[in-house]
Ligand SMILES: CC(C)(COP(=O)(O)OP(=O)(O)OC[C@H]1O[C@@H](n2cnc3c(N)ncnc32)[C@H](O)[C@@H]1OP(=O)(O)O)[C@@H](O)C(=O)NCCC(=O)NCCS
């Protein structure tokens, strides 16, 4: 008789056991940015909701911020680093093609038994990582998974670009995902639309930049370029449908939710999503962008941390997460807060 493959363990449920956050020291108000982009505090506030953001200093690199958030998530979840079976790190601002930031992070925190890899799904990256982590725990590939969303967006923004300079910011958030008696992370609803890839994109590839440098040693570093109105329309309309589908897939209705944590892209996009979902007033809505700006892959865990820290949300609450951004890519799932 043919031998059969042994599975490591029986399928089980997964949940977030603990989260951690790192916010750079330096706060930057709208007035400090407005001069460079011929803007005003009022314009920035009314168009985006942002009042201030955090920008990383030289000693707050992607790995330093990721490590600080990861250590806090481990401490809060009570999971020793050597028990982590996989490190999944979502970022678009780690400027080294190889090795993966996740591998270096695993070494730094002492996750000596962990597989590790990076995820490139921009502002949807944390939700992508969470979906993968859940399935690893359920399927038995890892008993616990560390998911990190980290960005130093200031490294890829032209400080004179009126469409992006005021919007993006830096930071890191992390979650430890492990086994649970009850389902704590719902099915993911995700997708991508490469036809709209040019709506948020690095303006030139590294190879194009290298070739430019041959002719012009001052050729500027590639930066993020965004068609703001197209992104705004896509996020406000299509992401409302994705949010509704995510709830349906988990067998829930808006009334069942305690918390809504969309990617902190723009507070007006959050308003449109709240309307589209017809969320009852009782649902707490994350508005972290007001003080943190848009931190791409870090925005959802940072917002979750703020809500828990302030007491506006509590452990056990049901929260709808919705990540969306460059790709264009998106992912939503309902989670139980740690
Ligand atoms: C970026 C964004 C705030 C710009 O707002 P907008 O209303 O689309 O702005 P527009 O580029 O159409 O410009 C509208 C007007 O504001 C002006 N303007 C543009 N940027 C400005 C700025 N930073 N400060 C002041 N005025 C500005 C334009 O010149 C234009 O003026 P006009 O009407 O006299 O011609 C908005 O498009 C947005 O938030 N998009 C989504 C971006 C996003 O969330 N990205 C992240 C996804 S992960």
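Note: Cβ is positioned from N, Cα and C throughout, glycine not excepted.
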If you check TrEMBL, which stretch out of 264-268, 269-273, 274-278 is marked region 'ACP-binding'?
264-268
What parts of the chain pack near the region 'ACP-binding' (264-268), using Cβ distances under 8 Å and only residues at least 6 beyond its ends?
47-50, 123, 167, 231-232, 235-236, 286-290, 292-295, 299-300, 302-303, 324-325
Counting Cβ neighbours within 10 Å across all chains shown, tell me which of the active-site residues 263, 294 comes out on top.
263
Which residues in the same chain, at least 6 apart in sequence, have a Cβ under 8 Å from the Cβ of residue 123 (active site)?
263, 265, 294, 296, 297, 299, 323, 324, 325, 326
